[in-house]
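Student: From Swiss-Prot, for reference:
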DISULFID  CYS2-CYS17  disulfide bond
DISULFID  CYS9-CYS22  disulfide bond
DISULFID  CYS16-CYS32  disulfide bond
DISULFID  CYS24-CYS30  disulfide bond
Amino acid sequence: ECADVYKECWYPEKPCCKDRACQCSLGMNCKCKATLGDIF
């Protein structure tokens, strides 16, 4: 199972789909970053 863009993610249980970056704020709330392909 993988996390979609802007959804919560955590490794290794739930990485982001399509190799998106999982960005965490203060090491707690992690969400998948959008890629250029998601924006356009």
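Easy rule for this one: first residue shown is 1, then count along the chain.
Using the three backbone atoms N, Cα and C, a Cβ is placed for every residue, glycine included.
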Student: Reduce the DSSP letter at CYS9 (disulfide bond) to three states and note it down.
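Tutor: Looking at the DSSP assignment, CYS9 (disulfide bond) belongs to neither helix nor strand, so coil.
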Student: Counting only other Cβ atoms and using a 10 Å cut-off, which of the disulfide-bonded residues CYS2, CYS22, CYS30 scores lowest?
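Tutor: Relative to the other disulfide-bonded residues in CYS2, CYS22, CYS30, CYS2 has the fewest Cβ atoms within 10 Å.
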